[in-house]
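Chemist: To start, I am sharing the structure in question, which I have written as structure tokens.
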Amino acid sequence: MEQPASVNADPVQRSDSTAGRCTQWRNWSGFWLLGLCNNFAYVVMLSAAHDILTKQETANTTASTSATLAMDFQGGNSSNSSRYDCNPVSTAAVLLADILPTLVIKLSAPFVIHKLPYGFRVLFCAIMAATSFLLVSFSSAVWMSILGVVFASISAGLGELSFLSLTVYFSRDVLGGWGSGTGGAGVAGAFLYSGLTQIGLSPQITLLIMLVVPCAMLCSYFFLLVLPPSLPQWKSRDTEYAAVGSEDRRRLMDDSEEEEQEKSTPEERTAGPLTLTEKLHVIKGLLRFVLPLGLVYFAEYFINQGLMELLYFPKFSLSHAEQYRWYQTLYQVGVLVSRSSLCCFKCRKLWTLSLLQVLNAVLLLLAVSYQFLPNAWLVFPIVFYEGLLGGAAYVNTFYFISKETEDRQREFAMAAASVGDSLGIALAGLAAFPVHRHFCSL
């Protein structure tokens, strides 16, 4: 029995023929769209949930924390006397609600997800994304909107680890397409939602229009990608191993006992699903990738959710809300640029990116503490640079995992390593609470 070959090592994918180039283009474009669609619902939910919550609370004339947070996020907090013009609740609270479902999935799913074929995974992710749009669009209560955001988070988390695992069946350059697509989701999601609502469409109608995104995900996977024969599309890998294993046993029964032992021994080392012990060994080897990635995202989201809302310049030409939106927009543009750079730039020194991001966080923490930056113009390039570092760390981490991991371990390794960014984001959300409380009390 032979291990199903990944297309990373398939010479057909590296062919210089016209058909080969067309296949590579389709696969790169397919992963770009999968990255865009996978993160799109998650990004849109962050904006739409605030609008829906505001509408619900206004209709009920209830001054709840959720409504206050939504209105403050959009227009500033007029009731706060702090020099930092703080929101009553840190944006880190919203971050934790969004990231925790994804984190739970990424911690547990890699150990069991191989039992679910890729076709069913993609269908499930698309259904969850569509359900999130419908729930938030038609919600009549706060809990329905929150549940919609949770469903979007589940779809994004399961989709990310599944599609990263899927890349091992294709040439390695599809990682560039995936990274660029996920980077584009932040920019496209925010601009498209804002644009449609700006021209007069209600948030509910805008979200219903967004149902085209899960459909695009299905079309990208089932029609645009050139799926290799080795891919477990509708049958789990365990089923394939069991079927092949039964044939092997019947054949070996006709051989001598000595020949049977000689043939079965190497098979046990090189084929079959990974055992729990082997998976734990793989995870140990992944720490050199996961730890720097987690540190990058910890520093990155400590800035985004703990410091950005405190980097307020009252005498600047933009309002507090407008300053915050520009910070987030420039950050997302930086992420898009660096996640699209894999074709022309690769960086193996992941710890260098981590340390540079930590220096960013320390610089901006000092800027918040001592307010030595004169205006937002100096913050804009810093947050753009922050996005460049974060995007570069993400795409290079998974590129080198794909390149340096053994064929048999690669699929599990790509899924397991996806927990790095989510763990860093969750820890950043927790760390941002005391920082927010401290500065808002001044």
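Cβ from N, Cα, C; glycine included.
From TrEMBL, here are the annotated features:
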- 31-49: transmembrane segment (TRANSMEM)
- 118-136: transmembrane segment (TRANSMEM)
- 142-163: transmembrane segment (TRANSMEM)
- 175-193: transmembrane segment (TRANSMEM)
- 205-227: transmembrane segment (TRANSMEM)
- 246-270: region 'Disordered' (REGION)
- 350-372: transmembrane segment (TRANSMEM)
- 378-400: transmembrane segment (TRANSMEM)
- 412-433: transmembrane segment (TRANSMEM)
Chemist: Ranking 205-227, 378-400, 412-433 by the number of C-beta pairs under 8 Å to the transmembrane segment (142-163), which range is first?
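Modeler: Ranking 205-227, 378-400, 412-433 by Cβ pairs under 8 Å to the transmembrane segment (142-163) puts 412-433 first.
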Chemist: May I ask which of the stretches 350-372, 378-400, 412-433 has the most CB pairs under 8 A with the transmembrane segment (175-193)?
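Modeler: Highest pair count goes to 378-400.
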Chemist: So what's near the transmembrane segment (378-400) in sequence-distant terms, Cβ-Cβ under 8 Å and 6+ beyond its ends?
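Modeler: Those are 164, 167, 172, 175-176, 179, 182-183, 289, 292-293, 296-297, 300, 303, 308, 311, 326-327, 330-339, 341-342, 345-348, 350, 353-354, 356-357, 360, 363-364, 367, 414, 417, 420-421, in sequence order.
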Chemist: With Cβ-Cβ distances below 8 Å as the criterion, list the same-chain residues six or more beyond the ends of the transmembrane segment (350-372) that contact it, or say none.
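Modeler: Residues packing against the transmembrane segment (350-372) from afar: 84, 289, 292-293, 295-296, 299-300, 302-303, 307, 310-311, 379, 382, 385-386, 389-390, 392-393, 396-397, 400, 435, 439.
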